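J.: Here it is, the structure, as structure tokens.
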Amino acid sequence: MILSLILSTSLPFSLCVCAALCVLPTVRADAEDVSLLGGWQDVWLFRLFLNVLGYATIIIPGYFLISYFKRVNYLETGRGLCFPLIKTCVFGNESKTGLLEDVSTAARNESESSSSARQAVRLIFCAAGLQASYLTWGVLQERVMTRSYGATEAEGSGERFKDSQFLVFMNRILALTVSGLWCVLFKQPRHGAPMYKYSFASLSNILSSWCQYEALKYISFPTQVLAKASKVIPVMLMGKIVSHKSYEYWEYFTAALISVGVSMFLLSSSTGKHPSTVTTFSGVIILGGYIVFDSFTSNWQDNLFKHKMSSVQMMFGVNLFSCLLTVGSLLEQGAFFDSIAFMSRHSEFAFHAVLLSVCSACGQLFIFYTIGQFGAAIFTIIMTLRQAFAILLSCFLYGHAVTIVGGFGMAVVFLALFLRVYARSRMKKSSKRAPPTPVQKV
């Protein structure tokens, strides 16, 4: 499945290979400096290699199966009990666009016609749900990846959980369950996309999530949050490459402001502080991998939405393949049962892992509901505020120090994000008032 994409657009994998080759000489140095790594088996590049190898054992046979069904024209010649399943997975079904458009329009019209008080209550509900879900998720993410479990005065520092892939699996299996129940309980448009196309977004989503967890072993949480805010830059680059999009000048200007602010924050970091605040070279490389993979995921999902599916159907399809890939890789490595044993030894970790997954799944549902009720601009403002609150909360709970220059850099980043929201809303208003005119793009 993924192999066909590699053959046609090999840029994301080429970037990964180049990054890996650049990092090889420095992995040993970072492994010696960071106390988290107990041996060469725990070096992040080796773990990433094992994970990708596990995914390949599922992806490559799937690619040959899909190629075979297409070559023999199975859609016309196939029969039997497996025909509907193979048709859905390989060829897809004819989609009916009316239902999705009607549902979306009805939801927005209902929102606009409701009273101001009811609108305010809905907005507070959405904002509170998003903030509670993702602030809790951020705090737990840092707790799980940077702190020990079972630490006592007699036994010493305790035991750390190191397998980021298992956390990705936990998040995806619960999100799959929630989205599946949602699709059953609430009316959805007829699904038309071939199911295997979700595997592209699933693979990049798994890798971006793995990088997100793994990076916290090498960088501070505030650094990670700011790097996520700067992902608009690679998203724009991927948009040009994958979707052939064009952008306004103000989008490039705000992207440059974000890169300046992030650079100020990173350059102000001091290596003499607590190890949890140190940004290592491996951390920067892993974070770069997260941004690249996440940028590809969003652009590929944009292409999939041309099939007029709902957001919850997208959530179900991506998480379905994510579960298949991660559980396969975990079982092949023997890491699945090791992680279950860790959960049985440390009930606190089991609670944190489950709550982390619940917050992730609920957060995705709040995202869909907020965008459906109030649009992308309000959602972006809420999530930008959430990023600022997440940094403050992390600094308060885990003692991260931020210099004056670093704080100014953070302010520049969030100023640029709000400028993007303001400019986009002004453009939408002007386009509604006046007939469309040619806009100069680059």
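Just so you know, glycine gets a Cβ as well, placed from its N, Cα and C.
Annotation comment: TrEMBL describes 1-29 as signal peptide. TrEMBL lists 45-66, 120-140, 166-186, 249-268, 274-293, 314-337, 349-369, 376-399, 405-423 with the feature transmembrane segment.
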J.: At a Cβ cut-off of 8 Å, and with pairs 6 or more apart in sequence only, do we get at least 3 pairs between the transmembrane segment (249-268) and the transmembrane segment (405-423), yes or no?
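T.: Result for the transmembrane segment (249-268) with the transmembrane segment (405-423) is yes.
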J.: Top stretch among 45-66, 120-140, 376-399 for CB pairs under 8 A with the transmembrane segment (314-337)?
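T.: The stretch with the most close Cβ contacts to the transmembrane segment (314-337) is 45-66.
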J.: To the transmembrane segment (376-399), which of 45-66, 120-140, 166-186, 349-369, 405-423 is linked by the most Cβ pairs under 8 Å?
T.: 120-140
J.: Are the transmembrane segment (349-369) and the transmembrane segment (45-66) close enough to be called in contact, which here means at least 3 C-beta pairs under 8 A that are separated by 6 or more residues?
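T.: Taking Cβ pairs at least 6 residues apart, the transmembrane segment (45-66) and the transmembrane segment (349-369) are not in contact, as fewer than 3 fall under 8 Å.
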J.: Sort out the residues at least 6 away from either end of the transmembrane segment (166-186), same chain, that have Cβ-Cβ distances under 8 Å to it, and list them.
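T.: Counting only partners 6 or more residues beyond its ends, the transmembrane segment (166-186) has Cβ contacts under 8 Å with 144, 206, 209-210, 213, 312-313, 315-316, 319-320, 322-323, 326-327, 330, 335-336, 339, 353-354, 356-358, 360-362, 364-365.
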